[in-house]
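*Asks:* For 499-628, the entry in TrEMBL reads domain 'Integral membrane bound transporter'. The annotation region 'Disordered' is assigned in TrEMBL to 451-480. According to TrEMBL, the feature transmembrane segment maps to 47-66, 72-91, 98-118, 124-144, 180-202, 487-509, 529-553, 582-601, 613-633.
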Amino acid sequence: MPPSSAATTGGAVHKPIIMPPESERQINNLPDVLQPRRRWRSSLATGFRSALACTIVGVASIYAPLVIRRHLTFPAFSYVVTVIVVTDATLGSSLRGALSAVHATAMGAVPSVLPLWLAHRTGAGESVLATTAVVALSTFAVAVAGSAGTVAKRIALGQIIIIYVARFREERMRSEAVLLHPANVVACTALGVVAALLGVLLPCPRLATRDATDKRLAYLEVAAERVRLLADAFQLHFSSDEAAGDDEERASSCRCRRRRRQCVAACIMSQADRAASAGALLLRRISSAQGDLQWERMPALLKRWCSSRWDDDDEQACARLHELIEMPLRGMEMACTHMLQQPCWPNTNTISSICTTPTWLQHATDHVRLALLTKRIPSCSNTGTGSMEMAKLAPVSVGALEQQQQLAPFLFFLCLDLLLQGSHPAPQRPPKLLLSVSAHSDAAASQVKVIPAATTKDDDEEQPEQTRKKKHQCPRQTTRSTMRRRLVAAAKCSFSLGLAVLLGLLFSSDHGFWSGLVVATTMATGREWTWALAIARAHGTALGSVYGALACLVIDRMELRFLALLPWLILTAGFLKRSRAYGPAGAGGVAAAVSGIIIVGRRYDEPPMAFTVARLVETFIGLACIIVADLVFQPAARPSTKATAQLDRCLAALKGCFSRGRQTTTKVKVKAVQEQVALLERCVAEAAGEPHFPWSPPFPASCYHKVAGSLGRMAQLLYLYTQAHPTPIPAADEDATQRFHCLVSASLERSADLLLRLSRISSSSSRDEEDLEAGIRVSSGSDTCCCDDEDAPEMLVRSFLSQQQQQQDQGVALALASIGFCMGEMAKEALQLEAYMLDLILLAH
C-alpha cells in the first residue's frame, strides 16, 4: 500500500504516515482474520455439530425400534464417546476416532468376555475386591500398550468400567445376559461413533484439508499485513532522521515531529504484535491439523477425476511456513523494535547507500505483499527493476559503522530479502544475498579458510567409532527410559482406577461406576501430571450437573429436555472448550457438556436431584484418586520439575551450537534449539497454571517466562545468523567468530551451572547447608575462559566490523552487518540470561 503523504526535503527519502489521522486509518485497516467475529463463527460451527451429534444419540436411544433400543443399555456412554470424537473434529480426525474405537473394543470389550463369564460362574462378580482387582489388571494391560492412542485408551477404559462395574437392574443375571453385556457396550460405542461421524458430515463435511488450506491462506494474509505494518514503522524511523537534519531554528519543530513519529511507530508496532499473535495461533492450528490430512488423502487412482483442491502439496507448504515466512518476519520485527528502543536514530547516509531511490523500499514491500497475497511471485519483468537498482549502487564499507544501532536497518533488509525468497514457489533456491556472500567468498579465495570437522587422521578414525558407540547406546537408553516411563504411567493409571472403583462401590453400589468413568476419561490423555486437568473437570462437572438438574426440574417431557440441551452444548462444546479458564485442552468444557447430557438424557426413574448429588460425589472421589496417584507415583512429573529439566535441555542444545571446537552452526542444530525452546514454553505455560502446594514454594512463572523469552530471541537470532553467515569462514572473520562463540559459550556454561545450583537448592538437604550471608557464588570451570574482560558485546561487534575495511557489494554488506547485529544481540541475551538465572536462585532462597 503506497504511503499517503509525501514530504521531501532536498532529495530526502519518501516519508509516509506523517499525519496521525492517516496513521489511524492505516492501523485500523486490519484483515478479516484478526476480527473477533471469525472466531465466533468457528466456535458456533463446532457447537452446532456437537449438538447435532448428541441429538442423534438421544433420538436413537429414545425413538429407535425396540430391537435396537434393547441393546442400548447405557446411552450415557454413547454421549461420552460422541463428545470425545466430535468435539472440534474434522472428517480426518473422526475417521481416526472411529478406528480408535475399533482398537479400543479389541482392547476393552473383547478380552472382558472370558473374565466376566468366569466371574458369573464362580460368583466372584458380586465381590467388590474381586471386581476392583479385575479392573486394575485390565487397566494396566490397556495403559501399557504403546500402539494405542489417547482416544483408544480412553474409550477402552470406559468400556472396562461399564462392563465390570455397572450393575444391571435385574436381581439375577442369566448367562446369556452376562455374555450379551459386552455386546451391548459395543453397540453403545458404535452409536456414539456413528453419531460423531454424522455430526461432522452434516450438513456439509468439515475437511481437515480445507481447514488447513483456509488457515494457510489466512496466515499469508496476516503475514502480508505484518509486512506492511513493519515497513511503515521502518520508514517512520528513516524519515525522522531526515527531519532531524534541518536548521537549528527548526530544531524545536523537528523534535515535536520526532516525538509524534515515535508515538505513531509505537502504535504500529503494537498492531504488528497483535498480528503476530494471530499468526502464531494460525500456525498452531495448521500444525495441529497436519495429523488429520493423511486420513483425508485421496487415492492416486481417483485424483485424476477429482478437483485440484485434493492436493498433497498443502501438507509440505504448511510445514515450511514457519521457516520461510515466520522467521524472517520475526527478524524484521526485532529490527524495528531495536530501532524504536534506541535513543539515536539510524545513520541516514549509510541507509541511503542501500536504497538511494525514494520508492525502492515501497516497491520491495509491494513485491513481498503481492507474493504473499497471490501465493506466487510476480513475473520476472516486474521484479527485475528492484534487483537491477540494487546492483547499480556504489559499494558499501561495513567497517565505517561504529554503533550497533546502525546495524538494525541492515537486518531489516536482509529479512525482507529472505521473505521475498521464502514466498517464492520454488523455496529450494538459495536467497539472493546468500548467493552474493558466496560469490564474494569465492572471489576472495586467498582469505578464506574452510574449517573442517576433523583436522587430523586420528580424529577421522576416532569419529566413526564414537558415532557407532552412540548409535548403539542411544537406542538402548531411549528404549529403556521409554519402557520405564510407560510402566510407571500404566501403574499409576491402574492404581487410581482401582482405588476409584473400590471407593465408589463402597459409597454406592448403583452409581459406583461414575468414579471410575471419570478417571478413565481423565487419565490416558498424554499428560503425566493431571492436577490442573482434574480441577478443570471438577469445575465443568459441577456446572453441567447443576444445569442438568435444573433442566430436569423445570421440564418434564423428554423432548423438551433435549431442546434445552442445545444451547448448553453450543456454549460448552463451542466456547468453554476453547477458554483458558477451563483447563488445558478444554477439559472443563467437555466435562460440563457430558455432565449436562448424562443428567438430562437419563431414562431411569430416580429423582434428578438424588442422581445429581450421587454423581457429584462419585466424580469427586475419582478426581481425588487421580490426585493421590499423581503424588504417589510421579512426584517428579510436576510441570515445574519438567520445566526445569527442559530448561537444562535448552541450554545444552544452545551450548552445542556455540561449542569451542567448531565455528560453524548447522541448520539441524538451529532447528533442534527451536524445538527445545518451543517445548520449554509449553512446559512453562503448563507449570504456570499448576496449583500451589502448601509444602512447596510457588512456581516463579514470571521469571521463567523471561528465561523462555530470552532463549526464544537467541534461537531467532541464531537462525538469522546462520542464514547470513557464509559456510566457508574468511580468515579475517575467523578470529572474531571464535571470540564470539567463546563468549556466548562461556556465558551459557555459567547459566547451566546456575541451573544446577538451583536444582540442588530445591532439595531440603542442600537448602539447609546454604549460607545466605555468603552470597551467590558460581564455582565451575567456566570462570576461566579464553575471552578477555574487554570482550563485551559492543567491543566484539566493533572488532568484527573493523576488520571489514574494504568496500563490499550490496548483498555482502547487508549480510556482514546482519551478522554483526546478531552477534551483539546474542551476546547481550546470553548475559541477560545469566542474570535471569541469578534471579531464579534468589527466588529459590
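Quick reminder: no glycine exception, Cβ is built from N, Cα and C everywhere.
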*Asks:* Three or more CB pairs closer than 8 Å, sequence separation of 6 or more: does that hold for the transmembrane segment (487-509) against the transmembrane segment (72-91)?
*Replies:* no
*Asks:* Report, as numbers and ranges, which residues of the same chain sit near the transmembrane segment (47-66): CB under 8 Å and 6 or more residues beyond its ends.
*Replies:* 72, 75, 78-79, 82-83, 86-87, 89, 191-192, 194-196, 198-200, 202, 206, 558, 562, 565-566, 569-575, 593, 597, 601, 603
*Asks:* Please indicate, using numbers and ranges, the residues of the same chain that are 6 or more beyond the transmembrane segment (98-118) and have a C-beta under 8 Å from a C-beta there.
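*Replies:* Hits for the transmembrane segment (98-118): 81, 85, 124-125, 134, 138, 141-142, 145, 148-149, 151-160, 163-164, 175, 178-179, 181-183, 185-186, 189-190, 192-193, 196-197.
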*Asks:* Just to be sure I understand, if DSSP states are collapsed into helix, strand and coil, how many residues of the domain 'Integral membrane bound transporter' (499-628) fall in each?
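*Replies:* The counts are 105 helix, 0 strand, 25 coil.
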